[in-house]
Structures are given as C-alpha cells and as structure tokens.
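Engineer: Here you go, one structure.
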C-alpha cells in the first residue's frame with residue numbers, strides 16, 4: 001500500500017515530464033536498492049535503466065505508426081547466483097495519461113510487483129529460472145516502452161513467457177482476459193497456482209475481436225517478441241478509469257492483496273517450472289478456460305472441447321430424430337410441428353430485437369441517451385421489460401390464433417425441442433468457427449436435455465406438475481447460474497466503456513442489443529411455459545406498465561446520465577485543446593490561421609448537458625472540416641477521428657497561444673530520385689508529444705519512409721498518422737518520406753501537418769483554458785492542454 005501511495009503522490013506521470021522520467025524513476029530505483037540490500041544469498045539481483053529509441057506500425061485504432069526517442073524502462077532481474085538461461089517477465093507501467101494520478105492504471109500493478117520482488121528476493125529457496133520485472137515508462141503512449149524493451153534489451157532474448165498487469169477499471173478482482181497465443185501450459189500454470197482465480201475465454205474472444213477500443217503490452221510481446229503470456233486487468237468501476245478520480249484510496253487493500261497472492265503464486269510456479277525452459281515443445285493448441293463463480297478454474301484443451309461439443313450436439317440431434325420418428329407414420333407431421341415451433345421461436349427473437357432497438361434509437365434521437373449510465377436498473381426496466389413482453393406477446397398470439405385448441409402439454413414439449421434444436425445448431429456452428437466460447441452452448445444443450453430425459457417418465461403421469469417444475473428448474477440451474485454470472489461480468493466491463501466510446505456509436509442501441517441477447521438466452525427454455533400456463537395477461541400488463549412508466553421518466557430527463565457523487569463518481573469525459581493553427585501554401589506563405597479551444601465530448605451525448613452551464617459552447621460553434629488538410633486539419637493526439645462526428649465537436653474562438661518552447665520544423669533536403677520519385681527529409685524538435693499527419697495529393701502516392709518497417713500504414717480514411725514522443729534530452733527528430741509524383745503537380749504532391757501537444761509544465765494550459773475548465777460542472781472530467789498545428793504543402 002505504501003508503494004502505491006508514494007507513486008501516486010508524485011502526481012500525473014506523462015511521458016517526457018520530470019514526474020515520469022525523474023521522480024518516478026528515482027523512487028523505483030530507491031525501493032529496488034532497498035530490496036536488494038535485504039535479499040538473501042540465494043539470489044542475484046541486477047538493475048538496469050534502459051532509454052530506447054525506435055519505431056513501429058500497429059493496426060490499433062485503424063492503423064498508425066509510432067516513433068519514440070529516449071523513453072524510460074526500469075528493468076530488474078532476479079536470478080539464481082550462478083545465473084539462468086531462461087526467464088519469465090512480469091510487466092507493469094508507471095506512466096499515466098495526462099491529468100490523472102493513474103493509481104489503478106497502472107501504479108497499483110507496479111506496487112504489487114515491488115512487493116513480489118521483495119518477497120521473492122528474501123526467500124531462502126533459489127529459483128530455477130530468472131524473473132525479470134519490467135517497470136515500463138511509456139505504455140499510455142500506445143505501448144512504446146514495451147516495444148523498446150522486447151526489441152532492443154539484451155535480457156529480452158531469454159524470456160519464454162510473461163505476465164502483463166493492466167487495468168480497465170479501478171480495483172476489484174483482476175480478470176485473466178487474454179492468454180497465449182496457443183501455449184496451453186500457461187493457462188494450466190494459472191489454474192494450478194492462482195489462489196483466487198478469475199478467468200474467462202469469453203473475455204479473451206470479446207477482447208481479441210476488437211470490439212473494445214483498447215490494447216495492452218500483451219500485443220507487443222506477442223507480435224514483436226513472439227513470446228506467449230497471460231494478460232490480467234482490474235475491471236471493476238471502469239467509470240473512473242483514466243480520470244482524476246483514479247486515486248489510491250479507491251483501491252481496496254483486499255484487492256491489492258488478492259492480486260499479489262495470485263501473481264506471486266503464478267510467477268513462482270513459472271520460475272520453478274521445467275516447462276518454461278522447453279516452452280516451444282508445449283506451444284501448440286488452444287485452451288477452453290473459465291472460472292466457476294471465482295472458486296476455481298476449469299480448463300481443458302480446445303480439441304477436447306471440440307470433441308465434447310460435437311458429441312453433445314450429436315446426442316441432442318439423436319434425441320430430436322427419435323422424437324420425430326415416434327410413431328413413424330407421423331414423422332412428417334412431427335417434423336412440420338418442430339419446424340413451426342423453431343420458426344416461431346426465431347420470429348419472436350427477431351420481433352423482440354427490432355422492437356427494443358426501435359425504442360433504443362428513439363431514446364437516442366430525443367437526446368436521452370445514457371440515462372442508465374449512473375442508474376443501471378433503468379436499462380433493465382426500459383429494455384429488459386420490452387424484450388420479455390415482446391417474447392411473451394408473440395407466443396401468446398401464436399397460442400391463441402395459430403395453435404387453437406391444441407394440447408398444452410404437447411405444445412410445451414414441442415417448444416422445448418425447438419429450443420434444444422436452436423442451441424444444438426448454435427453449438428455445432430460456433431464449434432465449427434473455432435471459438436472456445438462454444439462451451440456455453442454445451443451447457444445449454446447438455447443440462448436441459450439431461451433434465452428432460454430424467455423427467456420424461458414423470459411427465460406422462462397426472463398430478464406430477466410440481467415435481468416436474470422442480471426437476472426442470474434443477475436441470476436449468478447450472479446453465480442459468482453460469483449465464484447470470486457471465487452476464488454480470490460482461491455488463492460490468494461494457495457499461496462504463498459506453499461512456500468513452502466516441503460520438504459515432506449509439507450506446508443505447510449497443511446496450512439494448514446486449515440485453516435482448518441475454519433475454520433470448522435466459523428465456524430459451526421457458527418459452528414452453530407460455531404454452532403451459534392458462535393466461536399471460538397479468539404478466540404482459542405488468543411488464544408494459546413498468547416499461548411505459550420508465551420511458552416517460554427517461555423522456556422527462558429525470559435520470560441524469562452522470563454523477564459527481566464523491567464516493568462513486570460517474571463523470572462525463574470532455575477533452576479540450578487550446579489550439580493555434582496555421583495553414584501554409586506551396587510557397588510557404590500563411591494563407592489561413594486561427595485559434596480556438598477545440599472541444600470533444602467522449603460519448604454520444606456530445607455537449608448538450610454542458611451548454612446550460614457554459615452557454616458559449618453551443619451548436620453555433622461546431623468544428624468545420626478543412627477538406628484539403630489531412631484529418632480535417634484538426635490536431636488529433638491519436639487517429640480516433642472515425643469514432644467522433646464533427647457535428648459533435650466544437651471550436652470556441654480564443655486568443656492565439658505562444659508556447660515558450662515552440663516547435664521547430666525544418667526541411668533538410670528535397671531529392672529527385674529515378675522513376676519520378678521524390679524524397680523529402682525533415683528535422684523536427686518540440687515538446688514530448690507530437691503528431692504528424694500526411695496526405696499525398698491526387699496522382700501521387702507515399703511509397704516508403706524512414707519510420708516503422710519502411711512500409712507506410714494508412715489510417716481510416718486514407719491519410720497517414722505518426723505518433724511521436726520523447727523522454728528527456730532527446731535529439732531533434734529526423735525522418736524522410738518518399739513519394740511517387742505525377743507529371744503535373746502544380747498544387748504540390750503532398751500535404752504534411754505537424755501538431756505539438758503540451759501535456760505538462762508552464763505551456764500546458766493557457767489562462768483562457770484555465771478559466772473555461774473552471775466553469776465546467778463537477779460531474780465532468782475535463783482534460784485540457786494546449787497545442788499548435790502547422791500545415792505545409794510540398
């Protein structure tokens with residue numbers, strides 16, 4: 001706990017700032033030296049401060065190239081006295097995003113690692129392999145420090161596996177949400193060693209699908225180091241992740257203790273495991289893994305899972321075939337009845353989805369989006385009630401008009417079989433797609449089928465209704481319990497993300513979609529009860545009343561999306577950049593210049609809730625797009641332009657800013673090369689964070705450059721984006737670009753813009769920016785900085 005408090009007491013630790021490069025580094029080195037003094041003779045402890053320079057391209061956020069100079073890594077190696085050939089890596093990062101203390105992301109992980117280093121170094125038992133602790137100083141700069149370490153550090157070659165400690169929330173349990181690639185022995189190590197396991201292959205498949213706009217150092221070690229690993233993250237309370245509220249007092253000591261127990265046990269296990277040295281022999285195959293209510297983890301090879309899944313599906317299809325063929329002369333009739341029930345179930349799902357999405361779209365259009373952000377129950381009352389009511393309504397109508405005077409028990413039976421058929425098809429398809437999450441379908445086929453076979457005899461007897469219901473519920477218990485547990489984890493992760501997913505996505509539609517899917521899953525084996533009960537009228541009236549009342553309350557605006565509650569804040573995120581822009585022509589003359597505070601709301605609501613508090617931020621000052629400039633001529637710090645609508649950001653006129661350390665941009669040379677190629681060389685010096693934007697003109701193309709691996713990676717929309725950052729005492733940045741030029745290029749062949757971002761120090765906030773930030777309501781987290789933008793044509 002002391003480690004955590006001391007790291008966060010330094011304040012925001014932005015790359016390039018004295019807080020990150022000097023104070024945090026010195027603190028870590030002091031603690032490591034103190035640990036070294038008390039370590040036993042069984043171990044040898046080595047410390048190294050690395051300051052790498054490098055460049056790479058990454059397909060995250062639509063694709064861009066990263067360049068870093070002189071950033072900082074603090075690396076510690078704990079090994080047996082006679083050295084070790086193989087090592088396991090533990091990774092955390094001590095830098096934070098600007099304007100935040102970064103307690104959970106990721107100071108707490110570094111505090112846990114210091115404590116683990118302390119514990120291991122005092123142990124009298126020698127390790128078999130080395131443990132390398134990497135305290136990396138530039139993760140928030142999109143994974144730069146880990147790239148510098150794994151591609152350039154001499155110790156990197158000995159690493160056979162890694163554990164990455166991350167955060168997507170503040171405290172709580174740490175979830176294993178990525179493992180591998182392949183290397184099933186690593187999951188087994190976690191299963192055997194972790195004392196409080198919390199892991200899900202479902203989380204892994206959701207994360208790796210790219211739905212969540214986030215990435216971790218796991219990707220760098222996997223893609224650039226070819227090393228397998230385990231990715232853990234705190235996921236509770238993501239509402240305050242990357243905000244000023246991410247303070248050490250919000251992380252419970254239990255949470256730190258839990259993470260420490262788990263990671264120490266897993267690291268110890270790996271550092272004494274024979275498999276680490278021969279990890280390449282065990283590298284093949286994926287694993288299905290999931291924890292059972294946080295008590296223990298079930299893990300088995302994916303190929304075993306595939307066989308189990310296909311056998312389960314086959315048994316279900318056998319059962320269904322037998323039902324259809326009894327008696328044989330009614331096979332066609334039975335098949336028709338089954339397919340009718342199957343089609344009706346699917347139709348009810350489609351009707352439900354369409355209805356709920358219409359409600360969600362309506363709520364978004366009238367400007368009441370995210371009304372459930374602070375009050376989650378609102379989403380259940382608003383979308384859950386409609387979903388359940390629509391399902392019941394469709395089947396009630398079918399029962400009344402389509403299945404007139406039919407035996408209720410027979411209908412109940414047919415609809416059970418229809419649900420079983422849907423789950424069996426889903427199981428076969430998802431298994432065929434190679435997804436490990438298919439184990440969920442196995443639960444939904446195996447347990448209900450078992451229950452059905454057990455009560456089949458009882459079902460034919462009169463007066464066995466209560467017994468039947470009891471047995472039926474018992475059969476549903478396992479899949480239900482697991483699904484509720486999993487749904488809660490998914491909602492806990494996803495609901496806060498909706499508040500930072502940009503202004504393009506309709507969060508209500510996404511959440512409503514989730515609720516419908518979960519409703520469909522949970523109701524699948526209870527549709528048959530609609531046909532078994534006498535009337536659904538009361539249920540439908542109750543659900544409709546709850547929905548109508550909730551909708552009226554939502555439309556009235558009574559549920560305010562954000563909260564400034566000190567104990568549990570749920571702030572609205574707003575980014576403000578005081579910008580001075582200059583646009584130059586081919587001759588180098590300034591043809592246009594302006595200054596203003598560029599304002600971005602990080603969610604779908606834009607700025608509508610803020611206008612009453614700051615009237616000058618309104619829809620008359622929407623940001624215009626400079627069509628001729630890359631990225632609309634705006635100083636994006638990252639290429640997230642595709643996540644934001646220009647109608648949902650604002651440009652408030654403000655005086656020009658004059659940074660004390662302005663950017664210096666120089667053309668070093670222009671060379672004509674064979675095949676109509678042109679090479680332009682540049683030199684740039686400026687603050688620790690700069691963005692370079694490149695747009696080749698029509699007819700010309702960017703063929704190669706001195707960045708990344710030499711192959712330019714275009715961003716969404718076709719422009720090129722380079723993210724640059726440096727630590728202390730970096731030399732000027734030199735780079736060149738090579739373009740193919742067309743015959744006629746009277747208006748130049750390329751537009752190239754550079755933005756300088758001042759994230760700390762005296763240039764960070766202008767008086768105007770300070771004054772504006774002061775007026776923002778207390779339920780916002782507003783992060784502000786100054787920047788300059790220059791566009792050139794060559």
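Cβ atoms are placed via backbone N, Cα and C, with glycine included.
Just lifted these from TrEMBL, have a look:
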- 73-266: domain 'Peptidase M28' (DOMAIN)
- 292-320: transmembrane segment (TRANSMEM)
- 335-555: domain 'Endoplasmic reticulum metallopeptidase 1/1-A TM' (DOMAIN)
- 341-366: transmembrane segment (TRANSMEM)
- 372-398: transmembrane segment (TRANSMEM)
- 410-431: transmembrane segment (TRANSMEM)
- 437-456: transmembrane segment (TRANSMEM)
- 468-491: transmembrane segment (TRANSMEM)
- 511-533: transmembrane segment (TRANSMEM)
- 540-562: transmembrane segment (TRANSMEM)
- 569-792: domain 'Endoplasmic reticulum metallopeptidase 1-like C-terminal' (DOMAIN)
Engineer: With contact taken as 3 or more Cβ pairs under 8 angstroms (pairs 6 or more apart in sequence), are the transmembrane segment (292-320) and the transmembrane segment (372-398) in contact?
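Structural biologist: They do not touch: fewer than three Cβ pairs between the two stretches lie under 8 Å.
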Engineer: Mind checking which residues of the chain, 6+ beyond the ends of the transmembrane segment (437-456), have their Cβ under 8 Å from one of its Cβ atoms?
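Structural biologist: That would be 201-202, 205, 288, 290, 305, 308-309, 312-313, 315-316, 319, 416, 419-420, 423-424, 426-427, 430-431, 467-468, 471-472, 474-479, 482-483, 486, 521, 524-525.
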Engineer: With CB pairs under 8 Å as the measure, which of the listed stretches 341-366, 372-398, 410-431, 540-562 comes out on top against the transmembrane segment (511-533)?
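Structural biologist: Most contacts with the transmembrane segment (511-533): 372-398.
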Engineer: May I ask you to check whether the transmembrane segment (341-366) and the transmembrane segment (468-491) make contact, with contact taken as at least three Cβ pairs under 8 Å and only pairs 6 or more apart in sequence counted?
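Structural biologist: The answer is no, given that the two segments have fewer than 3 Cβ pairs within the 8 Å cut-off.
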Engineer: Can you tell me which of 410-431, 468-491, 540-562 gets the most C-beta pairs within less than 8 Å of the transmembrane segment (372-398)?
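Structural biologist: The listed stretch sharing the most Cβ pairs with the transmembrane segment (372-398) is 540-562.
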Engineer: In terms of Cβ proximity under 8 Å, which residues at least six beyond the ends of the transmembrane segment (410-431) contact it?
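Structural biologist: Non-local partners: 305-306, 309-310, 312-313, 316-317, 319-320, 323, 337-338, 341-342, 344-346, 395, 399, 403, 437-438, 441-442, 444-445, 448-449, 452, 459, 524-525, 527-532.
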